[in-house]
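*Asks:* Sharing a structure here in structure tokens format.
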């Protein structure tokens with residue numbers, strides 16, 4: 001097991017070299033000058049040249065790339081032009097909020113999706129199934145920014161249950177503050193899981209071993225909870241994995257609306273201010289996260305299904 | 001007094017093409033301590049009949065639309081509420097499925113799957129159920145059963161898995177075991193062991209067994225009485241000796257003629273021409289008539305003929321052919 005994990009992490013190396021290369025080259029193509037953005041429009045040509053020299057922007061591209069590789073290897077991932085801080089430090093400040101949204105939204109999604117998927121599968125092709133399906137289609141179709149504002153208007157401003165945004169001190173307060181953004185992310189995750197799980201449940205219900213369970217005389221709920229549900233949940237593990245990889249960097253809109261200083265908004269801010277080291281550093285960091293999440297997904301898969309062996 | 005008495009059972013399966021009456025007026029009795037064989041080709045309704053007994057229809061939308069399934073002491077299973085039938089399943093009547101590779105939950109340990117049926121029907125502790133499961137695995141001659149308790153199904157061979165399935169079926173010493181082609185998916189040597197295991201159980205505990213198969217050799221080897229099914233109906237029934245040695249229905253004869261090496265005779269095999277009729281709109285009269293070499297005009301008219309005894313034959317040897325004299329197959 002440990003060996004397999006180690007091997008998988010080793011496989012990261014070629015992936016990361018590719019990512020750094022592509023990420024670096026794409027940024028060279030991006031219009032806009034980092035020095036100009038940092039100094040403002042009133043900076044003199046001399047000041048701009050100083051700025052470029054200071055940040056190594058005047059070096060040949062291959063040297064800039066090697067410097068970037070060095071920063072990746074030393075673990076700083078470069079220094080932000082805008083924040084004047086190591087990229088890894090910026091990530092460290094923001095990662096907890098992003099991870100909190102990942103965890104909270106996935107939890108919310110499971111709590112919503114599980115009962116509705118079960119109900120839909122048990123009442124397959126009957127009115128309840130159709131109503132649930134339509135409701136979740138509507139849910140998927142609702143744009144996150146719109147849903148965010150509706151929830152703010154309703155749950156924050158009208159009912160006053162949640163703050164409209166921002167983060168605070170301590171775990172409890174932050175979980176309270178991050179609930180609404182997590183709910184927005186979680187609702188669309190729920191729709192995704194509900195569809196997958198419903199299909200998996202219906203599939204599992206036809207399995208021979210479910211008939212075996214019935215032949216043993218087990219009651220309906222025993223058959224469902226012990227045999228149908230556990231075997232069906234296995235196939236949703238990979239869906240959740242893909243979704244978590246996406247949430248880590250993809251919740252910009254929600255982060256912006258709820259003023260959550262997460263990784264998504266860090267990336268957008270960096271792009272707007274042409275903070276090249278941050279963009280590059282985040283690209284590599286996201287790639288690492290995707291690989292790690294995939295690895296965790298595979299480990300969970302192997303733990304859940306004894307037929308699957310980690311390779 | 002028979003243990004199980006099926007009377008005029010009718011079961012319908014709803015599919016995209018329409019409603020198929022897979023079981024259409026089936027009647028037979030199973031006596032205590034008897035191994036009763038049901039034979040017929042694929043799709044003849046032998047499996048559907050047996051699944052109807054416990055209403056185990058997997059994902060299919062099937063429904064018993066008529067008839068009775070009287071289990072001695074329990075009443076009519078066909079009219080029973082699902083919750084009441086669940087108490088009969090596994091305890092009074094157990095089921096062994098065809099494919100041991102898919103009949104076990106792939107993510108649950110063997111011991112837990114066997115213990116589960118015990119804990120469902122008896123108030124015993126987890127450890128007592130586990131001990132009982134170990135005893136059951138030993139009963140069905142699984143080598144080093146202690147080790148198998150914590151194994152997952154995929155770690156066992158097909159033969160061992162079928163033994164586990166049988167162990168579950170035997171767990172509560174049911175009065176009746178329904179075995180739906182339990183050896184079809186296994187190779188021949190393992191087949192023989194499984195058959196012996198079932199027979200051993202009957203001899204020791206007097207358990208009745210309904211044995212579904214398409215293998216007439218297996219029937220003559222293990223069964224006491226039998227029924228031959230064709231297109232959703234029983235066409236001939238009686239003791240194995242009567243039916244196999246003195247078959248009176250043309251279909252039974254055709255089945256035997258299509259069998260290699262029957263009785264050691266050296267002769268050409270005779271295939272049955274054509275294929276069985278569809279069950280959504282079966283033909284009028286005898287369902288075998290379109291393929292029957294002896295069919296006359298009367299055979300294709302009216303209702304499907306009922307089972308009846310023949311003069312001079314044993315009283316419980318019945319067949320459903322309206323011809324008074326069925327000539328032997330033309331050589």
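Using N, Cα and C of the backbone, Cβ positions are placed for all residues, glycine too.
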*Asks:* Can you check which of A:156-174, A:175-193 TrEMBL lists as transmembrane segment?
*Replies:* A:175-193
*Asks:* Suppose you had to name the range TrEMBL annotates as transmembrane segment; which of A:207-227, A:228-248 would you pick?
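*Replies:* Comparing A:207-227, A:228-248 with TrEMBL, transmembrane segment matches A:228-248.
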*Asks:* State the non-local partners of the transmembrane segment (A:175-193) in its own chain: residues 6+ outside its ends, Cβ under 8 Å from one of its Cβ atoms.
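*Replies:* For the transmembrane segment (A:175-193), the far contacts come to 97, 100-101, 104-110, 112-113, 116-117, 136-137, 139-140, 142, 144, 147-148, 151-152, 155-156, 162-163, 165-168, 236, 239-240, 243, 247, 251, 254-255, 257-258, 260.
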*Asks:* Please give the sequence-distant neighbours of the transmembrane segment (A:97-122): residues at least 6 beyond its ends with Cβ less than 8 Å from one of its Cβ atoms.
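*Replies:* The answer is 128-129, 132-133, 136, 167, 174-175, 178-179, 181-183, 185-187, 189-195, 197-198, 201-202, 205, 224, 229, 240, 243-244, 247-248, 251, 254-255, 260-264.
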